[in-house]
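Notes follow once the structure below has been shown.
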Amino acid sequence: MIKSLKFSHKILLAASLVVFAAFALFTLYNDYLQRNAIREDLESYLREMGDVTSSNIQNWLGGRLLLVEQTAQTLARDHSPETVSALLEQPALTSTFSFTYLGQQDGVFTMRPDSPMPAGYDPRSRPWYKDAVAAGGLTLTEPYVDAATQELIITAATPVKAAGNTLGVVGGDLSLKTLVQIINSLDFSGMGYAFLVSGDGKILVHPDKEQVMKTLSEVYPQNTPKIATGFSEAELHGHTRILAFTPIKGLPSVTWYLALSIDKDKAYAMLSKFRVSAIAAALISIVAILVLLGLLIRLLMQPLHLMGRAMQDIAQGEGDLTKRLAVTSRDEFGVLGDAFNQFVERIHRSIREVAGTAHKLHDVSQLVVNASNSSMANSDEQSNRTNSVAAAINELGAAAQEIARNAADASHHASDANHQAEDGKQVVEQTIRAMNELSEKISASCANIEALNSRTVNIGQILEVIKGISEQTNLLALNAAIEAARAGEAGRGFAVVADEVRNLAHRAQESAQQIQKMIEELQVGAREAVATMTESQRYSLESVEIANRAGESLSSVTRRIGEIDGMNQSVATATEEQTAVVDSLNMDITEINTLNQEGVENLQATLRACGELETQAGRLRQLVDSFKI
């Protein structure tokens, strides 16, 4: 918002802020001085009023205390009943005290004006009597409300002494009505009031009777003021009050203070009026200064306004660069006007040069456009022919790639056949080796079977021996049995053994016969196996011969396939070289075509730039023509 203000308005705003700040500081400083002055005057006034009122209270109480002392001194000299009655009835005492009385050491009580006392009343037990005797001199009681008159009273008492002995205590009841009137007469021009307070904070006399006998902490619960010299502040019913305490000196047995309470708002009311007056005066002064300053700024800014109108005429009017400002002073505005004239003169020369350059630029742009159009046509023709060559080379490359692909397929199939022939040859060779090994193993088996047949013959011979031994054993066992039978009972055990031996021999003979039968069968099988092995060996040799002939044929086929594969690889290699050459030509043609396209695009960009240049040249010519040079 400040940026949109005029320069004169900014100056006026800044000046108003300075003036306002100056008046504000002056008002605050004056307010500070006035506050201090009012506070000092108020403190001096309260101190003086407190001292005067305290002195008046002291004098008022002192005169009455003096009457009590004089009465005690008179009674000390003569305390006969007649003297006591006459003395207590003196007008000076009856007009001053509500009651004057004497309590004697023997319990006799005399009071004037006379008033009936309760039965058994003993003055020696009363506080005023005890306090006076204990103090040994003049005493004052705390204020209390009289039961008969409902007035606030105090008692002044002093002992009656003769020859160092206490004869009794004389006292007088004082109404505080006069003292209340003295204190209540202080209204401080309606700003406050005074009240009497004891040293322990109990209020003794107060304009508001409801506050009497209350403590300061009860009246001011939030921030209770301390009873001391000086000034303090406290809140009462939502208002701040200034409190000052002045001690009442010369009072026996009691400590009393005169408290002065002032409403702070009323005490500083003059300061509030001064603030209002100062603010009003400051506002009036500021308005007057701003009006005068506005007129002065308007007068001083006149040359600047003329310069602004001239610049607006150049910027928004006919653009007359032949106009100059009239410089009539050598101040800042004169220097600014002279600089403006120099600037316009320089712009004038520059615009004339720009006008000539704009015409030349238009002609040059026309020549560039014509040349670019011609180059564009040639580039189109070159692009068409390049595309034709590229298409032919692409067809040649496709044919070469087809030949190379077919040659590669043939070479691949020949390689597969060669590999398969090699595999077959290896299989045949493995078969020949296996059949040779089989023939050798058959021959070995025939030899083993022949050896086995020979050993079975040997086993038959051994079995014949075993059979002979079994027969002999059987005969021996039979003979042994016969001999045992002859021996009778003595040969029974031997007969059993012989019989068992004969059984074993018989069983051995049967087993030998079975083995003989099995060996004969084994010999028959061995002879048949030898015949079969011999026939298998003959067939195996024939198979080996046939496999050798098949291996030789496969070797011949493998050599022929290898030759065909070599030819196919040569054709594929030549075709791949031809394809690489075709691809290289194709890439070159493509690069040429790309470069040609880029050239066409550059020519088109040049044409667009030339068109834009021609447009800008026309615009520049229009702008130059808008100035009057």
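Numbering starts at 1 and runs along the chain as it is shown here.
Note that Cβ sites are derived from N, Cα and C of the backbone, with glycine treated the same way.
According to Swiss-Prot, the feature L-methionine binding site maps to TYR121, ARG126, PRO127, TRP128, TYR144, VAL145, ASP146, ALA147, ASP173. What Swiss-Prot lists as domain 'Cache' is 36-259. Per Swiss-Prot, domain 'HAMP' is recorded for 298-352, and the stated evidence type is sequence analysis. Taken from Swiss-Prot, the feature domain 'Methyl-accepting transducer' applies to 357-593. Feature annotation from Swiss-Prot assigns topological domain 'Cytoplasmic' to 1-10, 298-629. The feature transmembrane segment is assigned by Swiss-Prot to 11-31, 277-297, with sequence analysis given as support.
Under 8 Å from some Cβ of the transmembrane segment (277-297) lie the Cβ atoms of residues 8, 11-12, 15-16, 19-20, 23-24, 26-27, 30-31, all in the same chain and six or more residues away from its ends. PRO127 (L-methionine binding site): 12 other CB atoms within 10 A of its CB, across all protein chains. Summed and averaged per residue, pLDDT over the topological domain 'Cytoplasmic' (1-10) gives 66.
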